[in-house]
Amino acid sequence: MEHIDVVVTKDVDHPDHCEKYFDSIVLIHQALPMISLDDVDLSARFLNHDISAPVMITGMTGGHPEVYTLNEKLARIAETLRIPIGLGSMRPLLIKRGDQAVAETYKVVRRTAPDVPVVGNIGAVNLPGLNSREIVDLVNELELDALAVHLNPAQESVQLEGDTGFKFEIVDYIADLLKSLSVPVIVKEVGNGLSMEIVSVFYSRGVRYFDVAGACGTNWVTVEKYRLSPNHVKRHVAEALTTWGIPTPVAVVEARYVARDAVIIASGGVWDGLKAAKCLSLGADIVGLAKPVLKTLVLEGFESAIRFLESYIQTLKTVMFLTSSRTPNELRRKPVVILSPLLDFLKQRGIDVYEYVLSR
């Protein structure tokens, strides 16, 4: 609950939300789109569900009895709009097995949102302490459509109680999970971005779903900073790492570049429909956001959160109309210009941007 309070009440965003990188992506306006706005169809297929738009409420809450109502409302929003929803970290559920009050904060999501994808969430560093049977049982108990395994070394490194055991054995644990589970595993970051090197490692072991969670939105290093006393050494470390990470547009391109047939989720500061369109154009299959929905829900209420997402989706639809794109897949085939600093970043990472744009 402490994390949620910090996210809602403090300035915990990455500086400037990577505006210069998103501004480097220019979608080409078509003065005669050859379609009407009503021709635009945002519907998509995700995790064996039909969804109304390629937009997901990503995981942030769970595990504390006080967040039951929050999760119920978030699930109701997802069900109302027919979009996927992610759970917050399931670590509290693993620690307090048998605690029904804790379990209900997760179970309420599927119960309230029976017709949309629900994605579980577990920390990669928690895997060595678990056996696959425990995780399979958890996935079945919560009726999940996928399990996200999050990599959060930056957050853990400054967290008072952090676990920094991010060793190669985690790759083996996730590869074993793929064999044990009947649902996909999503490898995700939490706000510092996935690099092409990390995506390649997991892709080579069979992972086909990635949430890049770039460094443009909620900064969990900063969240942890606010949980530390002013003179704590780790607080000073957190302050030094305020800008650490890979910008979301870069992470999207890098992931798609090395995992051509994977499902790529673009999250991390993708907080308006124009940025969503740009990420889809770059190669993402779906976009995700959490903090704006959660904050609007907490501070303004359920109806305001619904309106926020409706406006978000309508903006995405309008941008697609203005680029003459009937579907998200068509948007990816439409012209896009990539300027600096995004262009320079990608070039220095060894990506032929012209070739990438043609083949994305």
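Cβ atoms are placed via backbone N, Cα and C, with glycine included.
Those TrEMBL annotations? Automatic predictions, nothing curated.
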Task: With Thr58, Gly59, Met60, Thr61, Asn121, Lys188, Thr218, Ala290, Lys291 listed by TrEMBL as binding FMN, identify the candidate in Ser89, Ser157, Ser324 belonging to that site.
output: Ser89
- request: Work out, from DSSP, the number of helix, strand and coil residues along the domain 'FMN-dependent dehydrogenase' (255-334).
  value: 51 helix, 9 strand, 20 coil
Query: Sequence gap of 6 or more, C-beta under 8 Å: which same-chain residues meet both conditions with respect to Glu156 (Mg(2+) binding site)?
result: Val125, Gly162, Asp163, Thr164, Phe166
Statement: Averaged over the domain 'FMN-dependent dehydrogenase' (255-334), the pLDDT of the predicted model comes to 98
- request: Output the one of Arg91, Lys188 that, of all these binding-site residues, has the highest number of other Cβ atoms within 10 Å of its Cβ.
  value: Lys188
Task: Using all protein chains shown, find which of the binding-site residues Thr58, Ser89, Gln155 scores highest when you count other CB atoms within 10 A of its CB.
output: Thr58
- line: Here the Cα-Cα span from Thr58 (FMN binding site) to Gln155 (substrate binding site), rounded to a whole number of angstrom, reaches 17
- prompt: Three-state secondary structure of Ser89 (FMN binding site) from DSSP?
  reply: coil
